[in-house]
Structures are given as structure tokens and as C-alpha cells.
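The next block holds one structure in the form of C-alpha cells; read it before the comments.
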Amino acid sequence: LLLFFFQACTGIENIDEAITLLEQNNWDLVAAINGVIPQENGILQSEYGGETLHGPAYGPASHSTAASSTPSSSSAFRHVVPSRQIVERQPRMLDFRVEYRDRNVDVVLEDSSTVGDIKHILENELQIPASKMLLKGWKTGDVDDSTVLKTLHLPKNNSLYVLTPDLPPPSSSHSGALQESLNQNFMLIVTHREVQREYNLNFSGSSTIQEVKRNVYDLTSIPVRHQLWEGWPPSATDDSMTLAVSGLTFPCHRLTVGRRSSPVQTREQSEEQCTDVHMVSDSDGDDFEDATEFGVDDGEMFGVASSALRKSPMMPENAENEGDALLQFTAEFSSRYGDCHPVYFIGSLEAAFQEAFYGKARDRKLLAIYLHHDESVLTNVFCSQMLCAESIVSYLSQNFITWAWDMTKEANRARFLTMCTRHFGSVVAQTIRTQKTDQFPLFLIIMGKRSSNEVLNVIQGNTTVDELMMRLMAAMEIFSAQQQEDIKDEDEREARENVKREQDEAYRISLEADRAKREAQEREMAEQFRLEQIRKEQEEEREAIRLSLEQSLPPEPKEESTESVSKLRIRTPSGEFFERRFLASSKLQVVFDFVASKGYPWEEYKLLGTFPRRDVTQLDPNKTLLEVKLYPQETLFLEAKE
């Protein structure tokens, strides 16, 4: 779909040429179109306020806002191409965990990538040629390197494994040699071409090429992206490769570094590349060569960068709880840059939204999201000189809820992009995704709307304290205007609710007498029902006890029994008689249980003997009938207790 729109807008009929241009711009449709069509014809439209920005400088209307337009999407940015509406498909990210022998490699790709793209990534990670790999674990049938991932209909999380039948298994001697190389120290003699100066640098074999380049940046002030090297072995194709496997000559290797030539940009061009209040910048940050324009000399910059490389990460990778990750971020930020810094909200991004946007209109604030990146050359200057400036800290604490995230680790970066897509839309997420490392850190200013969250501003790291304060104040002006409307709507709503409450109170008073009378009748009926229910429950309880006692009685002995038998005749208060035989050895309690099973519990009735007259219920129930002289026969009568 992107290819179709690109050809339609540019008139390029050659498919291969169109694909090449899109790939050069990371499949960013607007950037690719603006690269082909003259920039004065390119159009970038911001959804906020309905403004249209033309060309690289966007003309005099670049900071204007049309108040009549209303945003209709959760995203604050939208790209528009003249006379054509472009619907950008949200890329679907797929996570792969690839197992190879004793290693696991995590790969994150868009579903538009191919199986071959996975192999190329694994080739750099595992140092195995892609042609030697067999990638297994697919749920479908035949899969080759040209197969597009989205045609396989894969879930988000996938597990694969690599087989290398053409490669011999690693021997213990090879592993030992590799471990020995990792422990060796390499002497790198680096010549700075422009100043004709040599640096003798010692690195362990486990250090990466990227670490060498960063250290050289500290010494020469040449950013990594501008370094032009000579002397690296042909096998050193990836900056993440360790020196032990890069093919360097041991123990000493010579390298030469110089500054890559680039056109000098004017101040106006540099300002055009910065992000405005309603515009996402396409700048790659190349105009920010060093920190001298902020008043930081090379020695200070070198000291900060060197110490940052030795410090622990700002945020743990794959942290389960966002609050715990933010606690470590705040502690590490304080240890690096001091205690004078913005108060970061501790909790999830959703909780930060709740705190900033969903209280009363008078209590709402803007949300500032700070995106940190340790590998950016701008980070230390931005944090120490701007973000920790007392004026910025004070303004943020009064008007903003500040939330932070570390984008250095790929897993944390992917996690934030997922959150960004969910809360702000795919356009904003794609804008952040395409930001290069040296354009970080980023500062996102978010305003809560009734049905969406709007990104007011994306501030890049190549800014000054005054410019940062200006942008914060500009965002605050927009927010204040919206807040006043919200306060007015809230006051009107509360007034309507007060009128409704008064009407409801009057209606309640008018019905109170009838309700009280009806409730009194209901209480009387409920009391009668309760008493009746208690009576039934008591009767049921007595009946249950009676049946239980009746079932627990020992069987009545027969007349011809060889054991001593006592025959008792009991007269009830109504004049009825009932008789039963008991073993003379039975306890008196058995007689009490028998009487109770007939409906005369001994708690309510007493059992009296005739000659002599005595209260049998006062006797010890554990004695036998023979012991209490109820043998061989006796007549007893029941009498209700007073």
C-alpha cells in the first residue's frame, strides 16, 4: 500500500527504484516523497489546530494555529500529501526468541520483514554465515529466506531455533582459545588524522568496537557518526563485535581516525529541523557536533561521558514493574546529575495519565515524558545543563507531571513504543521509532483531551535552556486556554447538578410521610414473619434433636433376654403411658434420652418416682438403673418444671 501511494504521488513507475527510495527513508512515506518532490511542493499538515506547514521552513504560518479546527484522533500528528489521502497501516511488531546451542537471541521485527532479515540479524549476533543456518520452529510448512513474515500469520511472540549441520560442533579447545582472547588486552595505536596525534589505548578482548569509538570520541571530540576510520580488519563489519573476534592484530594494532566531511548548516536550517509545538522534526541531529555551544568545554564533556560509561544503566531491562524501574531511574539520575532535577512520577504511564488528566479541571496538569538514551552524545549536556536547571525544575514541578523512560536497551525501547502506540496512535509511535540515537533525549509534552491524549510538542536534545523554557511556556498557554474551557464546562455541569439535587430533595420530602407509613407496616409484617420463623426453627431444632436421640438409643432388649432387664412405665402430663425395657446395666442417661425422644426433654420436664417419691432427674445420669433402684420394674411420671 505504501509503495502504491509513493508511486502515485511521485510518478515513479520503476518499482525497484521506488522500493530503493523508500528503504533509504526507512519506509517513511512523507520523508521519501519530500526527498523526491522539491521541498517547496511538499506539505506537512498537523492535526492540531488544522494548520498546514509548507516546505522545510513552513513559511510564516509555521507557528500559527487555526482555532476553528478540532482534532478527531488520539494522535496529535498526521501527514498529508496534496490531493491524496494516505492511510498509513500501523506496523505490527513480532518478537522472536531464537535458540542456538547455549545462547538465546531476542529479535524484534515488523511483519513486513522477511525470514532472510532474521538470518542477517542472527549472522551479526552469532557470527555464523546466513547461508549456513537452518531456521527451524515455524508452525507452517515450507519457509525460505524470501518469505514475508506477515504471510505466515504468526503470533506476537515466537520461538525458533538454529541448526548448523554444515558447521562442526565447537570443540573445547576452540572455546578455550576464544575465552583466552576475550581475556587478552589489545593495544590500539589510534592516529588522529587532522591534528597528527597518536593515542595509545588499552582495551580488553571483551570490549566492543562501539566502545572503542565512544572512547575515541571522548579524546578527539569527533562524534561516532562523523568518525571516518582506516585500519579495521575486513571481518570487523559490526560495531557490536568484540575485539577478540574482530580480527585485530595481537597485541598491537594501528588505526587512523578523521572527521567525516559534512556541509555546514546555517542557523536557520538548524532551527527548521527542531520540532515545533505542532510539528514532528525530521532532523537527524547532524548539526549538533559537540557541546561547546552550550558553554561546556571538551574536558568537562569528556569527564561526564567517561563517568557515564562506567555507571550502571538508568533502568533495568525487562523490568516487570514500571514503578520499580522508575525508582532505579530516579536514583541513578540523582547519582549522575545531582539532586536538583525534576520530580519523576513513580508508577506506570497509565497512572501518570490518571494523576495528570482525570482530576478536577482546576487540578489538571500537562504530562511531560522524558525519553533518556545513554548512547546519545547530547544526553549528558541536556541532563546536566538544561533538565537540571533550577528554572526548568521549578516550572516543571508547578505545571507538569513528569514521567521518564530509558530508551537505551532495545527491550525497554520496544516496550515504550508499544505503550506509545496504545495511547497516542501509530503516527506518533512511528515518529519516535524513526528518531536516531543522536537526536535523543526527547521531551514529549502531552495534554489530556476528553476522548484522547494529544502530543503538543516533541523537544529534541539539541536545544538550549531558553528555548526549552519557551516551548514549555508555549505548551502551557495552549493548555491554559483548554483548561479554562474545561473549568467553565465543569462549573456549568455542577450548577445543573445542584438544581437537580434540589429538585430531588423536594421530591424526597414529599414522599417521606408515605414512605414512613409503608415502612412501619413492612416492619410489623417482617417482625411477625421473624417470630414465626423463629418458632418454626425451634420446632425443627427440637424435632431434629428428638430424632437424633431416638436413633442413638440402644435397641430394646427382648423379654427372653438372658441379661437383667428393667421394665419402666412412664406416665405423661396428659395421662398417657408408654413403656419400654432397658438393660439393668444401662445408664440413667439412656432413660433421659428415651423420654426426650418422646418430646419431653429433661431441661423442661422432671421425672418423678412413686414409692418413695423422688426426682429422678436429680440423680447422677452416669449411674446404672440397678444402682438407682429402677430394677426390675418401676412406674414413673413426667411433670413440667416451673
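Heads up, the Cβ atoms here are built off N, Cα and C, so glycines get one too.
TrEMBL annotations: computationally assigned, not manually curated.
Since the structure is predicted, the reported quantities are computational estimates derived from the model, not experimental observations.
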Using TrEMBL as the reference, determine which range in 54-77, 150-173, 510-533 is annotated region 'Disordered'.
54-77
Labelled region 'Disordered' by TrEMBL, one stretch among 253-273, 547-567. Can you tell me which?
547-567
Using a Cβ cut-off under 8 Å, which residues of the same chain at least 6 positions beyond either end of the region 'Disordered' (547-567) come close to it?
579-586, 590, 593-594, 596-597, 625-626, 630-634
